[in-house]
Structure formats: C-alpha cells, structure tokens
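Undergrad: Below is a structure I'd like to ask you about.
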Amino acid sequence: MINAWWIIGGVLFVLLNTAAGLIWLERRMLALWQDRYGPNRAGPFGLFIVLADTLKLFFKEDWIPPFADKVVFVFAPAVVVASVLMSFVIVPFAPNIVVADLNIGILFFLAMSSLGVYSIVLGGWASNNKYALLGAMRGASQMISYEVFMGLALMGVVVLSGSFNLREIVEAQRTVWFIVPQLLGFLIFMVAGIAETHRLPFDIPEAESELVAGFHSEYSGMKFGMFFIGEYLGVTLISAMVVTLYFGGWLGPAFLPPVVWFAVKTFAFISLFILLRASMPRPRYDQLMEYGWKVLFPLSLLNLWVTAAIKLWLVSK
Amino acid sequence: MDIAFIVAALIAVAATVRVVTCYNIMHALLYLVVSLLAVSVVLYTYGAPFMAVLEIIIYAGAIMVLIIFFVMMLNLGLETAEHEKAWLRPRIWIVPGLFCIVLLGELLYLILQNKQPAAGIQVVPPKQVGMALFGPYLIAVELTGILLMAGIVGAYHLGRQHKKTLHRFLENNLNT
C-alpha cells in the first residue's frame with residue numbers, strides 16, 4: 001500500500017492540472033468541431049493558453065460589489081471546488097490507489113455532490129443581483145431534482161454488486177461491465193451528471209444568452225476562476241464515476257497498468273462532455289424540469305425495480 | 001477519534017448557538033448547515049457512517065437547500081436584520097436561557113451519573129441498517145411512506161392550478 005499522503009498529493013496534483021488542461025482541451029476541441037483553429041499561438045499547439053489564462057485571472061481586479069454580502073460572496077466559490085475535491089476521496093484510480101476505501105463510497109459521493117448546490121445558491125444570493133438570483137434559483141431547482149434520479153440510477157449498480165464500496169463495485173465487474181445490464185441506469189446517470197455539473201446542454205443556471213452569466217455574473221478574477229475550475233473538476237468527477245460504476249474502472253487487458261486504463265476511459269468521457277457542448281442546444285428551463293420529473297424519474301424507478309426483481313429471481317434460483 | 005468527536009461536537013454547539021443569535025436569516029441558515037455537518041461527523045465517529053452520510057444528503061443537501069431557496073426568493077434585506085435586532089432584545093433571552101441551563105444541567109448530571117466506561121464503538125454497515133429497516137422495523141418504514149405520500153398528495157392539491165380562463169374579462173361570465 002502506498003503512503004496515504006502521497007496518494008492525496010498525487011490525486012490533487014493530477015486533478016488540478018487536469019482541470020487547468022481542460023481549458024485548453026475544450027477550447028481546442030470546440031474549435032475543431034466548429035471548423036476553426038482555436039488558441040494555437042502560445043507554445044506548442046497553443047498549450048500555454050492555460051498559463052496565459054491563469055495569469056490573466058490573477059491580475060484581474062478582484063472586485064466585491066458594495067451591495068454584496070461579503071462573507072458569503074467570498075465563501076461561495078470555495079464550496080464548489082471543495083465539495084468536488086472531497087468527492088474524489090472515494091474514487092478508486094487503481095486497485096491500491098484510493099484515498100479512502102469507505103464502505104459508504106457512493107453515498108459519500110452523493111452527499112458531496114448535494115453540498116455542491118450551495119456554491120450556486122449562495123453565490124447567486126450573495127451577489128444581490130437579479131440575474132444572479134435567477135440563475136441561483138434555476139441552479140438550485142435543477143440540481144436538487146437531478147440529484148434524485150442520479151441517486152436512483154446508481155442504486156441499480158448497488159443492487160447488482162451488493163455494495164456501496166466503489167472498489168468492490170469495480171471488482172464485481174470482472175466478468176461483465178455494468179454498462180451491459182445497466183444501460184438505462186447509465187443513460188440516466190449520464191444525463192443527471194451533466195445536469196449536476198451544469199454543463200452545456202443543461203447550463204441553464206448560467207445561460208449567458210438570457211442571464212448574462214447567471215449565478216456568477218458579479219464574480220471576477222480568481223473567484224470566477226474557482227467556479228470555472230470547479231466546473232471542470234465536476235466534469236472530471238462525473239467521468240470518473242461513470243467509468244468506475246459502469247465501465248469497469250481500472251479493469252482492462254493487462255498490457256497497460258490499471259491507472260492508465262482508468263485515465264484513458266475517463267478521458268474518453270471528458271471528451272464526450274465537450275462534444276456534447278459543441279453539438280446540443282440548450283433546453284428551456286421548464287422543459288428541463290418536466291423532462292426530469294416526468295421521464296427520468298419514472299424510468300429510474302423502473303430501472304431499479306426491474307434490476308432488483310431480476311437479482312432476487314437469480315438469487316432464489 | 002476522540003479529538004475528532006470533541007472538535008465536531010464543539011463546532012455543532014457553537015454553530016447552533018449562532019443559528020439562534022444571528023440577525024441575518026441567511027447567515028443563520030448557513031450556521032445551521034454547519035451544525036448539521038458537525039453532527040454528521042459526530043455520528044461518523046460513533047460508528048454510524050450510513051446515518052452520517054444520510055444526514056448530509058437529506059438534511060444538509062436537500063432540506064436546507066430548499067429552505068435557503070425559499071428564503072432567497074423572499075429577498076429579505078438589511079431591514080429584516082434590523083427588525084430582528086429590534087425584536088431580539090436582551091430581555092427576550094432570559095426565559096429561553098433559563099430553560100437551556102436547566103437542560104444543560106440535566107445533561108451534565110446524566111453524563112456524570114453514567115460511570116460505566118463507554119462500550120466499544122461498533123461500526124454499523126449500511127447492509128445492517130437496511131436489514132433492520134426492512135426486517136423488524138418494516139411497519140415503521142411503511143407508515144413513513146404513507147405519511148410522505150399524504151404529504152405529496154396534499155402538496156399537489158394545494159399547488160394545483162385552477163382552470164385557465166380565456167381572458168380576464170370573461171372570468172366573471174364563466175363564474176356566474
């Protein structure tokens with residue numbers, strides 16, 4: 001077993017760099033799909049755009065509006081980064097690379113993602129701005145609703161593997177990945193995951209064409225940067241969770257080490273997130289809520305019910 | 001583990017005191033969230049990880065978000081904080097303070113009375129909680145379900161939209 005501090009340090013290092021690197025990746029990939037070049041001047045392939053962006057964020061005026069609630073305003077961006085980073089505690093990157101092997105793994109992930117809502121709500125409320133408040137309202141209702149389906153969709157995996165522990169869930173996928181028996185659960189989890197990270201098809205809390213920038217209209221400098229990084233970390237987290245729960249985690253043919261398999265699969269899902277951003281239009285707010293409660297909710301219940309019934313039938317046989 | 005428990009318990013108590021004494025309702029609610037998180041840590045140190053996480057998911061993550069959501073929509077500004085300040089004069093604190101002191105005394109007495117060493121903390125895995133809920137306590141689970149169902153039906157009834165009229169001028173004609 002590797003020393004826990006090394007794992008924590010390594011995970012933090014890799015995650016924060018991934019989140020920063022995603023700025024470049026997203027801009028480059030979006031540009032490619034839209035038939036443009038994207039940032040290609042600074043450094044090889046425009047990679048130094050990340051550095052330039054970060055420097056720019058640091059030197060921007062770090063402004064707190066006089067009408068804002070100062071303490072909450074400063075506190076809100078930290079919540080999103082903290083809650084997402086906490087979620088990574090339970091992600092098994094490889095058989096022996098996991099920060100905490102909790103036996104309530106999935107529940108811990110759900111708990112942390114439910115705390116993530118606070119950053120949007122508090123950020124929007126503390127800004128004391130109509131657009132921000134509207135964004136926060138949308139964000140809160142969207143994230144609370146989609147958390148429900150997210151949890152229910154995950155329960156299918158829990159029923160099949162008989163454990164909340166992510167390491168055991170990965171081990172249970174040795175014969176067949178859970179994407180096969182849990183296709184519906186995977187689709188629901190994916191949709192809920194996008195809504196949970198408020199990424200582009202569902203970026204209704206920040207919808208820049210209607211709400212300026214939604215809940216972070218008033219934010220600038222590194223505080224805005226925290227929301228930004230939090231979003232990319234969220235994308236990485238959901239991708240990592242999808243891989244762990246439905247695509248066999250670190251499992252794969254032996255010619256590559258487990259960590260590499262995990263990274264490759266996660267990268268594929270991050271790319272999918274970016275591709276979705278490039279190709280999907282944003283639904284209306286009420287359509288999103290209706291779709292969630294009237295379609296996804298019954299489907300996820302049905303998924304759980306059928307999975308449990310089949311599992312019981314198999315056990316009793 | 002003991003230190004973790006003491007720190008979490010102290011934070012819970014301090015945050016809860018701030019919930020009561022805070023003039024700004026939003027800050028009070030945030031303190032309540034902190035207090036719930038601290039209680040969750042306390043539960044974890046006492047070998048109930050499942051309960052601890054549920055505490056966060058349900059109380060801190062769902063119920064408190066909803067309450068904050070509604071407070072946010074009410075848009076209570078500085079004036080409300082001033083109102084609160086006017087209402088919560090020192091005299092108001094006397095009676096509740098007395099009650100709390102009595103409760104605290106009782107609690108201290110009970111703690112000091114119990115001389116036995118604390119039994120070894122036993123970690124309760126989620127499976128055991130599930131077995132208990134759907135075994136001996138099944139009827140309680142079902143009753144809770146019925147209660148929640150009643151709540152949902154009631155909410156639906158209250159929130160049901162009335163039949164739309166074509167135009168506000170025609171409203172009176174339709175009603176008569």
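Cβ coordinates are placed from backbone N, Cα and C, and glycine is handled just like the others.
Per TrEMBL, transmembrane segment is recorded for A:5-25, A:71-94, A:106-125, A:146-164, A:176-195, A:224-247, A:259-279, A:291-314.
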Undergrad: Six or more residues beyond either end and a Cβ under 8 Å away: which residues meet both conditions relative to the transmembrane segment (A:224-247)?
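TA: Long-range Cβ neighbours of the transmembrane segment (A:224-247): 15-16, 18-20, 22-23, 26, 54, 57, 77-78, 80-81, 84-85, 87-88, 91-92, 106, 109, 113, 116, 119, 123, 154, 157, 166, 169-170, 177-179, 182, 185-186, 189-190, 193-194, 196-199, 216, 262, 265-267, 269-270, 272-273.
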Undergrad: Of the stretches A:106-125, A:176-195, A:259-279, A:291-314, which racks up the most C-beta pairs under 8 Å with the transmembrane segment (A:71-94)?
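TA: That would be A:106-125.
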Undergrad: Quick check: do the transmembrane segment (A:176-195) and the transmembrane segment (A:5-25) share at least 3 Cβ pairs under 8 Å, counting only pairs 6+ apart in sequence?
TA: no
